[in-house]
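Asker: Could you have a look at this structure, given as structure tokens, before my questions?
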Amino acid sequence: MAKQLCSYMFISMFILSAFLALPSAEGGATIKKCVVDVKLSKPCTFQECQPLCLQKYNGNGLCPGDDNNICACVYNC
């Protein structure tokens, strides 16, 4: 019984040390996000905004608000 307990403790310590050795997502290199507003000739729609931002900036397109002529492109700087 004591051998089994010792084995479980050793395995638990090994797994815990492996998790502690992994780099954390917070402490690593931070990815900076940029936003560009693109003025459109007509009200923004997701079907127009998303491909435009993907092609120009390799990012995501958002239409802030209703009946707005602005497409907001969010991408990694």
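Just so it is clear, glycine is given a Cβ too, placed from its N, Cα and C backbone atoms.
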Asker: CYS63 has a disulfide partner in Swiss-Prot; which of CYS6, CYS34, CYS44 is it?
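Answerer: So the cysteine paired with CYS63 in Swiss-Prot is CYS44.
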Asker: I want to verify the bond table. Which candidate from CYS6, CYS73, CYS77 sits on the other end of the disulfide that Swiss-Prot records for CYS53?
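Answerer: Here Swiss-Prot pairs CYS53 in a disulfide with CYS73.
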Asker: Disulfide-wise, see what Swiss-Prot says CYS77 is paired with, picking from CYS6, CYS34.
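Answerer: As annotated by Swiss-Prot, the paired cysteine is CYS34.
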Asker: Let me know how many other Cβ atoms fall within 10 Å of the Cβ of CYS53 (disulfide bond).
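Answerer: I count 21 other Cβ atoms within 10 Å of it.
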Asker: If you compare CA-to-CA distances from CYS49 (disulfide bond) to each of the disulfide-bonded residues CYS34, CYS73, CYS77, which comes out shortest?
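Answerer: The answer is CYS73.
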